[in-house]
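Quick look at what TrEMBL annotates:
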type	residues	note
DOMAIN	41-287	domain 'G-protein coupled receptors family 1 profile'
TRANSMEM	23-47	transmembrane segment
TRANSMEM	59-78	transmembrane segment
TRANSMEM	98-120	transmembrane segment
TRANSMEM	140-158	transmembrane segment
TRANSMEM	205-225	transmembrane segment
TRANSMEM	237-259	transmembrane segment
TRANSMEM	271-289	transmembrane segment
Amino acid sequence: TGKKNSSSMKEFILLGLSENHRVQKICFVVFLLFYTLTVAGNLLVVLTVTSSRHLKSPMYFFLCHLSFVDICFSSVTAPQMISSFLVENNTISFAGCIGQLFGVHFFGCTEVFILTAMAYDRYVAICRPLRYPALMSRRLCGRMVGVSWAGGFLHAALQTLPTALLPFCGPNRVAHYFCDVHPLLRLACADTRAEGLAAVANSGVISLSCFLILVTSYVVILVSLRGRTLAGWHKALSTCGSHIIVVILYLGPSTFVYIRPSGDLSEDRSVAVFYTIITPMLNPFIYTLRNGEVRGAMRKLCRRKV
């Protein structure tokens, strides 16, 4: 059986978050609400930024892309997970599983790079305010977003291809609510230590290095604020506060899951909920509640539509 190729496995069964029927019913309602809020909230941000004549600064350009990525990222995992609470065996085809694996890493990594680009934007805005229009030109912002999408695609391809080429000959029960590298490596009929290390090196290093870059950028920003007035401190920190919260909520859990070799998968499942479901839902609230310009533009958009 070890010589069978990946095509011998036609489908996988996703075990989901819980096998307790009462917990599943509660989870169905809770996560359906979360997913609805994620799509509605992020779609509202995209429509607000694209339709407003006042939200044309680089910060809002990046925020619009971040919200679009959040919709895609959450849609790769949430619908499959929500349906798992209603069925006995939540099956996914081999092609669907590999597609989901690619989508999770493509949109997840793109989000990491966009968050990093947003941190650079905040650094220039606070530390180089006079040169901000020249340094953060429309062309540069477009290139940064383009590189984020291209980097996400390359990362996803490097994660997906080695996993897709592994031989799977049974069992087919994936100990997760979506197809990810570590749970699939456990099911392969081959020695997967090299693929496991490659996955840690790829996802783990990207998550950790971007996290360290982001933390460093905020340390530099805080150091540059020495000697400024209290009003200057307040303005700078209110500008960065939303971004810091999102970075901690998203990169903290994802770094924990990917920086270490394959460990306790039930632990990984619980932590993954934060960066696949919770953070994409909270992003629109975090950014809009702390931003008067976006709130005002949203009210105008809603009045126009009504």
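Here the Cβ of each residue, glycine as well, is placed from N, Cα and C on the backbone.
Between the transmembrane segment (23-47) and the stretches 140-158, 205-225, 271-289, Cβ pairs under 8 Å are most numerous for 271-289.
Outside the transmembrane segment (98-120) by six or more residues, the chain places 59, 62-63, 65-66, 69-70, 72-73, 76-77, 80, 92, 141, 144-145, 147-149, 151-153, 155-157, 159-160, 163-164, 178-181, 184, 203, 206-207, 210, 213-214, 217-218, 243, 246-247, 250-251, 254, 275-276 with a CB less than 8 A from a CB of the stretch.
Outside the transmembrane segment (59-78) by six or more residues, the chain places 31, 34-35, 38-39, 42-43, 45-46, 49-50, 100, 103-104, 107-108, 110-111, 114-115, 117-118, 121-122, 125, 141, 144-145, 148, 177-178, 276-277, 279-281, 283-284, 287, 294 with a CB less than 8 A from a CB of the stretch.
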